[in-house]
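A short write-up of the structure that comes next.
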């Protein structure tokens, strides 16, 4: 691989790292970080020695392990008992925590931004060289010309990605500047109590927190770039089955549902948490009114959606009432191993959910056995809209939806990878090459959970989780 392509791979890896890092670090920016700094902390260089009356409080390093700064704090003073001073100290702690996290993020961003600029220059130079060669291609061998053209074709689609990355870097710089300004105002307040209205400052901090939360929400959707893992949660059941959590449940609701086998069963086991699931402490058992077909069920907003055995009927079953709330035939959908995944198991109809809503993936004779994607009304099970793809259902190992895009694997066995994707937003497809580790050699269930940002899988009697890395595009107000 040529040096420009190696550097380009480094840039994409860095972008993915930034995306994951932001999803882990941003909560600390909105007050969830438990690190506490004194309101009168002062940053000095690592070479400075604290003056008399000051003590070293903490230190920070950049991603390469180099010391950035040392935090020193004054000794406790008599004003600490004043209620208003204490409120201001707490407020400044929160802002300084934000500032420290943004500073580390900025260091990473600036470092990677240099790679982007360098890469952009190389790409432009390659483009100019290609034009020159094209003008005089008659003097070159056809083989050399074609190789150069293929390299250029690989680089061209990444120019918009680099442009967007520069935009995101500017947004991070803007956040950093706002936090620095607010921190300066609060420091001045601490020096001169009463010169500024506390409530006004408090509202400014809350406003900044709200904006950061909005930024986090914009990170919920993205394009799949990488799958890592798996993490083995439990070993249980037969070779085939399904286990899941509710992506719309509250943060405190971590119930797990377990459905062993792909046929001849009606028993759903419920556990209050992952820990209870691992230990085998059942909280409740449900006896469904119908047997299910396949392993492609989904729990969504408190209800179980499954394919009724030997039919193309979808059932919506409420866990709260223990009743069937709706059932509807999926028109023209093949069933009972007419159009299953590669492993069989009556997996003709796959029900799934993502950030957008509820979906059904299946195949029909009218679409020549190729995959059809339908968005469903979660209450009535009515088909809202359908998309016909050109990918044969019988050639797919499994599939899952992320942000309105269907990702299809090419096998259920060792060596499987995400090979094809179809965007319902643009009604376009592309062939992909995203490998993942099929640790136990046979996958009979693979579903995305938007709340956990993870893939739940049943891997040959092992219940496992895969982490996903998404490429996020942060939309600014100008983009709306």
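Even glycines carry a Cβ here, placed using N, Cα and C.
Note that TrEMBL annotation is computational and uncurated.
Cross-referencing 31-77, 172-218 with TrEMBL places the feature coiled coil at 172-218. Non-local neighbourhood of residue 221 (disulfide bond): 355, 402, 403, 404, 470, 472, each in the same chain, at least six residues away, with C-beta under 8 Å from its C-beta. Its Cβ placed at the centre, residue 403 (disulfide bond) has 18 other Cβ atoms within 10 Å.
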